[in-house]
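Inspection log for the structure reproduced underneath, given as structure tokens.
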Amino acid sequence: MKFIIKLFPEITIKSQSVRLRFIKILTGNIRNVLKHYDETLAVVRHWDNIEVRAKDENQRLAIRDALTRIPGIHHILEVEDVPFTDMHDIFEKALVQYRDQLEGKTFCVRVKRRGKHDFSSIDVERYVGGGLNQHIESARVKLTNPEVTVHLEVEDDRLLLIKGRYEGIGGFPIGTQEDVLSLISGGFDSGVSSYMLMRRGCRVHYCFFNLGGAAHEIGVRQVAHYLWNRFGSSHRVRFVAINFEPVVGEILEKIDDGQMGVILKRMMVRAASKVAERYGVQALVTGEALGQVSSQTLTNLRLIDNVSDTLILRPLISYDKEHIINLARQIGTEDFARTMPEYCGVISKSPTVKAVKSKIEAEEEKFDFSILDKVVEEANNVDIREIAQQTEQEVVEVETVNGFGPNDVILDIRSIDEQEDKPLKVEGIDVVSLPFYKLSTKFGDLDQSKTWLLWCERGVMSRLQALYLREQGFNNVKVYRP
């Protein structure tokens, strides 16, 4: 099988040296992602496209899907590469390839040509289009808005019969820009802002401020791992977890109620800046949007920025919530975010929307900054690839089974879309559907006399959720890995 990768248009308008660097990085990223599917595949870069050739036909759909999620790719063409002799030969090959698709349809032919030939692209379009129209009686030529567009590419003595076109996510290849550190909470905003910086070519590391115990961290790990696995797995990134409960306790005890929200955010920026400096990261990323909550007014954002020299990027600053939720839905983080608790918003009963610098600084003089230094020093830093393995160690008390007994029921915790695409059927046992994002509220409604075997395709989510349910006091859960 063969895929032709078309570059994001902004890459093609760069200077020659920059364009070549971007293409080289994108080629490496594609190799890093696809080697998990087929170690024998070849990735070859050219001036205006990248060619991917693989032998394992069983991995066709997986490879195609992975390519659509790699930043820097505008679209992917799945092609059949064949030699040709003349225009009539092109027509005959196109007829074999497209006859079934064109039955009863309107169509047009579009050709791109490179190399020296005694015909033009338009000549091929007319010849092939006329031939298809004559040989497929139910098909009809329509040059404007046809039902089917026959795409052909001619390069020297090779013909590319385009079997399908699939849109990529665009953007710049990860690694073409410098690293950033995303302050991730697991909600709608931080997930989308992290994705947007990945799409813009940054390697995104994650910094999580834990305000809600182990269950909160488990949920945020899921989001970070999902984002990395889906859009950024070409690179190694860090997941840094900071236990911020001591900081919150100090704020609640010593800081005036109205100033708590801004001061908490200032403490987070201070801590994240220390982490960024430690690892040589150039900027912080937040999901803040102007006016969305009290700490996100211009006055308060300016005061928050003042505590650090580190650049703070806010890609969602002008977005409204509906737009952000729609983006979360598109990238697949909506279900995570809907069940993620938001702790920052409840720290103050009457937060100020226009904090005064002198008052903020006066309140912060009451704060014991050794507490902040200590939590940063004790921050837990892991390679995000190890999250799955770390989860295995943490849930060692949760039994993993590959079979089942008479009192067992399999609980399919995949999202609804995944379940509809690939329904789970196991002979000899009941399978119940309950998406992972409903477990926290709906698992208690299930028959607790049964033993529930949590299942997901890769096993990461089922292990994380098993740990969460154990912490909630449910001991009748196991992880099912046949």
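Cβ from N, Cα, C; glycine included.
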Same-site ATP binder from Gly171, Gly175, Gly287, given that Swiss-Prot records Leu183, Ile184, Lys265, Gln296: Gly287
Cα-Cα distance linking Cys456 (active site, cysteine persulfide intermediate) and Leu183 (ATP binding site), given in Å to the nearest integer: 28
Nonlocal neighbours by CB distance (under 8 Å) for Cys456 (active site, cysteine persulfide intermediate), same chain, sequence gap 6 or more: Asp412, Ile413, Arg414, Phe436, Ser462
Site with most surrounding Cβ atoms, counting all protein chains shown within 10 Å, from the binding-site residues Leu183, Ile184: Ile184
CB contacts for Gln296 (ATP binding site) [other CB atoms within 10 A, all chains]: 21
Pairwise Cα distance maximum in Å, ATP-binding residues per record: Leu183, Ile184, Lys265, Gly287, Gln296: 16
Around the Cβ of Lys265 (ATP binding site), the count of other Cβ atoms that are within 10 Å: 22
